[in-house]
Structures are given as C-alpha cells and as structure tokens.
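The next block holds one structure in the form of structure tokens; read it before the comments.
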Amino acid sequence: MVEKSWVLIVLVVFIMHGDESLASDPDPIQDFCIPNPKFGAIKTAHLSILPCKNSSEATTDDFVFTGLKSSGNFTDTGLATFPVNPTIFPGINTLGISFVRADLKVGGINPPHFHPRATEIAYVVQGSVYSGFVDSNNRVFSRVIEQGEVMVFPKGLLHFQMNVGEKPATMFACLNSQNPGLQKIPSAIFGSGINEELLEKAFGLNHKQIGTMRRRFDPKTVN
C-alpha cells in the first residue's frame, strides 16, 4: 500500500509544479543541487540556502529517502509526524517541495494549524480521517476521507485532522515549498506571550483560565 501511495505523491508533485510561477520558492537554475556538507547554510528571511556540491559528485542515493517506513514519536494529542526537508533528504533541495508522514492514534488529532508558504495535499494510506480547512470567510470545508483518498489544503489556510476510525491512521502529505512554515493556532495564541488582558477580552476568559491555557501551551510559563 505504501508503494502505491508514493506513486500518487509523485503525480501530485508534478501537478503542483505544472506552473512554476505559482510556487513559493525560487525557480532552480540547474537540474539539481545536492547540498555540500562542507559548507553551512546561508539563511535568508524564509529560506536556508544550502550550497551545492559539484553535480559530478551526486549519486543515486542522494535522490532516495528511506526514512518513512515507520512513524515518528507521538505527542499527547495522539499525533506523530515525520517531516522531510533538504536537511535530511538532499535530493529535494531547490526543487520547491517537502513532505511529511503523519500517524494518528485512534481519536488522535492534528490541531488547527497552517503553513504560511505552501499548499498541502494529503493522501490517506490507511484509516478514516476527519479533515478540513477554514477559508477567509470562516467557511469550513470538511469531511471524512478514507484510505486511498486525497484532500488539498490551500496555502495559508487553517486546517486540521482527526482520526475517527477504529484503528490507527497514516497519511502522507506533500507541500509545494521546501520551507513551508508551521503555525499551530493554540501555541501561537497561548504560548507566544500575547498580552493577557487582550486574550481575556478576545476570548471571554478570566485570569485563571488564561493561566491554565498558558501552562498547557507554553511550558516556560509558571503561575
């Protein structure tokens, strides 16, 4: 089943890059750019540029990644993610893509979040996952997607997943940026140090309730 999922992911990558003008990342200026481990990354506002090694030194192994055969470590929300970017998979450097394996325990959730620099398309390898996103008019587009089905989450829009099946679920997702960014809504609101009075007025919560939320989403907070 995993092999079939990769065929779909490859097709998705080509579809998403049919018009490179729609991509967030700059166009490549060579066939590929395998990072040279002898040099450090050059950081820009949204991207870490990894200097290329000579193309003659590239090998087939640079374009193969075998690290997604098992899940990552699970969080207390029942989610395990294994994100893949050029740092651990050199072959995708400068190609404007990244991808992730996500596993959900029964009842597990991927809390509301968004990627500011990428559209995401997610494929269900196994399980039944309630998935959706919210547009800029606060309209929710959601449904349960089953094994073999795909859902797309437009760039910059809040989206979420929850395993509603009776067995663990696995998804593979591809994003059209090698640095899509990730903003988790609960952590951004209660774990970022936003003024407490503002939060009380915005959410109708009292000081004690705000403190509870901050302790949950910002381990550095002690009240």
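Note that Cβ sites are derived from N, Cα and C of the backbone, with glycine treated the same way.
Record features, source TrEMBL:
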- 1-23: signal peptide (SIGNAL)
- Cys33-Cys52: disulfide bond (DISULFID)
- 66-211: domain 'Cupin type-1' (DOMAIN)
- Asn110, His115, Glu120: oxalate binding site (BINDING)
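Confidence for the domain 'Cupin type-1' (66-211), expressed as mean pLDDT, is 95.
Highlighted in sequence order, Val100, His113, Phe114, Ala122, Phe153, His159, Ala173, Leu175, Pro180, Leu182 have their Cβ within 8 Å of the centre of the Cβ atoms of Asn110, His115, Glu120, the residues recorded for oxalate, and are not part of that set. The helix, strand and coil residue counts that DSSP assigns across the domain 'Cupin type-1' (66-211) are 22 helix, 60 strand, 64 coil. A separation of roughly 27 Å, to the nearest angstrom, links the Cα atoms of Cys52 (disulfide bond) and His115 (oxalate binding site). In the shown protein chains, 18 other C-beta atoms lie within 10 A of the C-beta of Cys52 (disulfide bond). All protein chains shown were included, and the count of other CB atoms within 10 Å of the CB of Asn110 (oxalate binding site) stands at 22. Residue density at Cys33 (disulfide bond): 22 other Cβ atoms are found within 10 A of its Cβ, drawing on all protein chains shown. Within 10 Å of the C-beta of Glu120 (oxalate binding site) we count 24 further C-beta atoms, all protein chains included. The C-beta environment of His115 (oxalate binding site), restricted to residues of the same chain at least 6 apart in sequence and closer than 8 Å, consists of Phe153, Lys155, Gly156, Leu175, Ser177, Pro180, Gly181, Leu182, Gln183. The CA atom of Glu120 (oxalate binding site) is located 23 Å away from the CA atom of Cys33 (disulfide bond).
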